[in-house]
Amino acid sequence: MPGVMTMMAVAPSPCLSVKPARLCSISSKELLVKKRSSSSAHLLRRSWAARAAATAATATATDPYVEQQMMQRLAEDGWVDEHILPLLTPVEEAWQPADLLPSFASSADEQRSQVAELQARAAGVPDDLLVCLVGNTVTEESLPTYMCMANRVAGGSDDTGRDGHGWARWLRGWTAEENRHGDLLNRYLYLSGRVDMAAVERTVHHLLRAGMRAIPRPTSAYHSLIYGAFQERATFVSHARTAGAAARHGDACLAKICGVIAADERRHEAAYTRASARAFEEDPDGMVRALAAVMRAKVTMPGELMADGRDGRLFDHFSAVAQRSGVYTAADYADMVEHFVRRWKVAELGAGLSSEGRRAQDFVCGLPRKIRRMEELAHDRAAKMEAQSVNFSWVFDRPVRTQ
Ligand SMILES: [Fe+2]
Ligand SMILES: [Fe+2]
């Protein structure tokens with residue numbers, strides 16, 4: 001599932017208007033005041049987001065028992081075995097991180113030569129792309145959080161750790177595939193010599209301890225399937241764009257690495273999209289309300305709580321670099337909402353919808369237009385702003401353009 005910053009805020013973050021030059025000349029007293037007000041604003045924003053999510057969940061609540069029954073039925077009647085499990089790659093056919101990195105089965109000279117080649121290619125990767133890559137890596141490395149999250153879904157959980165039903169086998173298989181993503185990216189970054197690995201590792205440690213804010217109702221199958229489809233698609237886009245950019249900058253090794261990860265995310269997206277489509281067939285009213293609830297809660301990001309112990313707005317800054325470099329943008333989010341509305345035929349849901357379901361349908365179908373409009377306004381505002389940079393601990397405190 002997750003891998004990336006995915007659906008970032010459309011509006012530019014207020015803190016981006018602070019220039020590094022001003023930060024350098026600021027007094028320690030001023031800095032303390034700024035830090036306090038910034039963290040208060042952050043807390044306020046978070047408590048607002050939590051309230052909005054709770055309101056959205058209550059307003060469009062679906063029946064947990066119905067959701068649980070559907071999940072159990074899909075596993076018991078073999079639907080998961082037939083339509084979801086084939087989307088996992090058999091272990092014998094799957095790539096492993098060692099296949100894409102210098103081989104230590106070769107002679108010492110050959111090992112040194114392979115590492116030197118990797119580093120020579122990585123030398124051409126610009127800092128903004130490195131920041132995107134580190135942000136994606138950190139998010140992939142928080143896989144334990146996501147597995148815990150996925151295992152809370154009523155009717156789809158692996159209660160014993162060795163359950164035989166289809167959803168449990170999918171969850172373990174999906175985790176095994178995802179586990180390679182963080183491993184591969186982490187090893188590439190380490191061997192490249194381009195990033196401060198201690199800062200990267202600290203960020204992973206912080207994020208694992210912080211956890212993640214989930215969908216409005218974490219035990220809801222409907223919310224989880226929808227969230228999974230969005231996250232996997234966003235992750236695919238981000239890794240695929242990073243692959244393209246790496247190739248343009250002459251790093252064929254990184255391009256291959258991001259390319260194979262993107263291909264995995266594509267299969268995972270297909271699984272959650274297919275399962276959501278099936279849930280739409282079973283319970284269109286419940287699913288359209290769940291979709292609206294997830295969208296209204298703004299789809300909180302798996303890596304949203306990342307921290308390096310220094311930059312209080314690390315995720316916002318990472319998102320701004322991804323937006324500016326085109327690795328993942330607000331326009332991608334609008335495209336994604338449009339894609340799923342079309343794929344799940346949301347606009348065509350008809351007579352069986354409740355009044356709440358119809359309201360949810362109207363909201364979701366009108367959402368891409370609203371997001372695009374907000375994105376245009378943000379773009380116009382950004383065009384009028386001066387260039388801004390932020391120093392990232394991940395790249396040894398070098399400044400990277402956020403605006
Ligand atoms: Fe994935
Ligand atoms: Fe992944």
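Any Cβ shown, glycine's included, is placed from N, Cα and C.
Curation does not apply to TrEMBL; its annotations are automatic.
Remember, predicted model here, so these are calculated numbers, not experimental data.
Within Glu201, Glu232, Glu304, the residue that TrEMBL lists together with Glu178, Glu265, His268 for binding Fe cation 2 is Glu232. Same-site candidate for Fe cation 1 binding, as annotated by TrEMBL with Glu178, His181, Glu265, chosen from Glu117, Glu140, Glu141: Glu140. A straight line from the CA of Glu232 (Fe cation 2 binding site) to the CA of Glu265 (Fe cation 1 binding site) spans 5 Å. Closeness to ligand 2 is met by Glu178, His181, these being the binding-site residues among Glu178, His181, His268 whose Cβ falls under 6 Å from the molecule. With respect to His268 (Fe cation 2 binding site), the closest of these binding-site residues in Cα terms is Glu178, chosen from Glu140, Glu178, His181.
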